[in-house]
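Written out below as structure tokens is the structure these notes cover.
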Amino acid sequence: MSSDIALHDPFEEPARQQVAVSFGMWSFLATECLFFAGIFLFYANARWHGGEAFLNGAGESAFWFGTANTAILMTGSMAMAIAERAAKADIVRLTRWMLWAMLALGLLFLAVKGVEYRKDLHEHLFPGPDFKLDSGPAEQFWAFYWAVTAVHAVHLTIGLAATARLLWMDRHVSLHRHHSTVMASALYLHFVDIVWIALYPLLYLAGRQ
Amino acid sequence: MSEGIAARDLTRPDYLQYGTTVRSWLTTTDHKRIGILYAVAITFFFFLGAAAMALVRADLVTPSADLITNDQYNRAFTLHGIIMVWFFLVPSIPTTLGNFLLPMMLGTKDLAFPRLNLLSWYLFIGGGLLTLFALLAGGVDTGWTFYTPFSTLYSNSHVLLAALGVFVVGFSSIATGVNFIASTHLLRAKGLTWMRLPLFVWAMYTTSLVMVLATPVLSMSLLLVVAERAFGLPIFDPRSGGDPLLFQHLFWFYSHPAVYIMVLPAFGVVSEIITCEARRRIFGYQFMVYAMVVIAVIGFMVWGHHMFVSGQSAFASMVFSFLSFVIAVPSAIKVFNWTGTLYRGQVRFSASMLYALGFVGLFTLGGLTGLFLASVPLDVHLTDTYFVVAHFHYIMVGGSVSAFFGGLHFWWPKITGRMYSERLAQFAAVSMFFGFNFTFFPQFVMGYMGMPRRYHVYPPEFQPWHVMSSVGAVVLGFAYLWPIFYLGWSLVKGEKAPDNPHGSTSLEWQTTSPPPRENFDRLPVVDAGPYKYHPWHSTPDEVEQSHRPQLP
Amino acid sequence: MKEDRFSHIVLAPLKSWAAMLLLLVVTAIYAQTPYLPAKLVVNVVLAMGQIALVATFLMQLRTSRMLVRLAALAGLIWASFLFLFTFADFLTR
């Protein structure tokens, strides 16, 4: 029932509030799209002009870590989608489990990323004086890698914080009444997943034989 | 006429009296109070940025470096640019007048996301504090444009802090933009269709579109500067195959639309003032709307005109040059339409009207000189000279700041519930016009003659122009300070304002001055378009003067 | 829970997830197999397919109002301006 939705000022009808939250979050995601477009532009230019050297740099990325993380994040996205639908249908337990699943999978992603970072550093893949390959396009690939994965991780962390907040809210109020908040968090995390899906071929499939 | 307020509950507190603790102000979600919080903040930053410029103009009185060193000079004009662009001009009209008026002009209680609105103010303050910290720690010397590789590899100033400050304040912009867009789409009063909206609302809407779509690219460009400078990641470094021009593309992708963020709101304010003070409907409402939309969209396709001499390809330069000429057309349409609005009007030369008329003239001059700069061969001669400096100051200061002051005066009775001295305000408006022209017209001349920008040591033949400019700046400074006195005085001793001292037909004037917390006692229902100052298709020879008599 | 509710709440996301995983396997194998043509194009197209699945089904753009879809589209279109005009410079130097 929409009659028991928590209404925030200045809205007078739940349906309108729902559209507003959805539209507002999508507008924000449009800004995120432009935000990442900037760094994708850097990649596109570097790859276009970097030729073989760029691909050599790309070939050093940890394929299995990246692929596993992609699967992990996709699964999290699915969990979040179920959570949002369950909240709308007021199925409390399913909502709660799926939110926990998202949190767990997100943290797993960050853990895998952490291990991968350690491996990359160990193999001298951080740009600088003791970079593994020659300075130049290969180094630019790795500049992109470190910058974009760090920014992505920050976004994921924000999404996980939003999920944790939902779980905290769940202890005090009905998430069904605050469904639009759940929906907003879900949209954000789906976007985080989308960014990673876009990054995956650029980071892990480039320069493969 | 729209149904406004019939019976008012005169005992109900207005939005200023509803909670008087500091805490009630700092935790408010009332768009009107947030508008005032922003007004206080941007006033502080305005005077800080002006102080930096006072230092610069004082130093420029003599051809040699008499007052400050080269390094200090670089930091002074950089500070001036960063503060004036991001902490004064970009927020000015949208966050003060926009926040206050938009819900009222839409006929609703508040913006779509009131808590997000408050967050946007805190983000603004946060970004401001970071930038202030950068200043106190010694400043930045890269120019407000942060060009690489100087900013990433060679500058010895606090680039990181300043970049982070601007990064944070960008989120404030985005939050405000999302809020305005959602509100305009989803909270319009019954009967208030898109083509019945006041032009100020359209201005806020188009500005918000630009804020939302442009700012994130700036954020990324600054983030990449931080990544290169702080972590040594080779992004723009040519030694690793990086392209410094990539930074410029990313930076100007935002910074050109940013100038439309700064001028579109001014368009809205001027339309509101001119119609009311001339007692005329706007000439060509639809074209005024389309012009703003076209400017907002094409504004994203002209940024390369800042890069004609940077190493951009000739082909790209041609494309950007052509589109820069194209974008002059909608602006020109607006100027013609404002002029057409005045025809057969009963013009009242109030202070707000003087500011608005000043806007039209100064914006035209600034816009025309922009055409010179859009031409590639002319730009090769004029770029990085004072001609460019004069061009953008004519638009941003002669234009936007004039409009901001005009709007401040026009809506002062509504916001504060007080009337200020009209005579003193008219004096301020005229002083500003003269001071402005004395400051910036000489800059066109000396720029054309070859005086470079951002230099404080110059050949002696430029000195007369610099002296004229600096003297003008003193007059301009007075014109900016003077309103503080009579506006401040009005808060204490000004007579109480009636609901609608100007006789405007806009929705915000159909409620009390100052308005109640919820804006209207009864949400309005609209049945006609804006500016109902006379019947359609009739140009009356005589219009009944409905303005209040002027008080000295 | 009821059949149709289960279908909407659990099955629909599950199906999207399965399709995305399939695309992931395909794209990973395609990239790793030697002597296959146009790897970048194929990988990017498959990624776009996965993104379309997330946006349309998981983020429910399919059932959203035109206004919401416009917001999504605007981000993409404006990002394309950035690429279009910048590459107009990069490719013609």
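Each Cβ is built from the backbone N, Cα and C atoms, and glycine gets one as well.
Please treat TrEMBL annotations as automatic predictions, because they have not gone through curation.
Quick look at what TrEMBL lists:
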COMPBIAS  B:502-512  compositional bias 'Polar residues'
DOMAIN    B:25-527  domain 'Cytochrome oxidase subunit I profile'
REGION    B:500-552  region 'Disordered'
TRANSMEM  B:36-56  transmembrane segment
TRANSMEM  B:76-97  transmembrane segment
TRANSMEM  B:118-140  transmembrane segment
TRANSMEM  B:160-187  transmembrane segment
TRANSMEM  B:199-226  transmembrane segment
TRANSMEM  B:246-270  transmembrane segment
TRANSMEM  B:282-303  transmembrane segment
TRANSMEM  B:315-333  transmembrane segment
TRANSMEM  B:354-374  transmembrane segment
TRANSMEM  B:386-412  transmembrane segment
TRANSMEM  B:424-445  transmembrane segment
TRANSMEM  B:465-487  transmembrane segment
For the transmembrane segment (B:354-374): best-contacting stretch of B:118-140, B:246-270, B:465-487, by Cβ pairs under 8 Å: B:246-270
Mean per-residue pLDDT computed across the domain 'Cytochrome oxidase subunit I profile' (B:25-527): 96
The transmembrane segment (B:315-333) touching the transmembrane segment (B:76-97) per 3+ Cβ pairs under 8 Å rule: no
Listed stretch, out of B:199-226, B:282-303, B:315-333, B:386-412, B:424-445, that has the most CB pairs under 8 angstroms to the transmembrane segment (B:246-270): B:199-226
The compositional bias 'Polar residues' (B:502-512), counted residue by residue under DSSP: helix, strand, coil: 4 helix, 0 strand, 7 coil
The transmembrane segment (B:386-412) and the transmembrane segment (B:465-487) contact flag, 3+ Cβ pairs under 8 angstroms: yes
Of B:160-187, B:315-333, B:424-445, whichever stretch has the most CB pairs under 8 A to the transmembrane segment (B:282-303): B:315-333
In contact by Cβ distance (the transmembrane segment (B:424-445), the transmembrane segment (B:36-56); 3 or more pairs under 8 Å): no
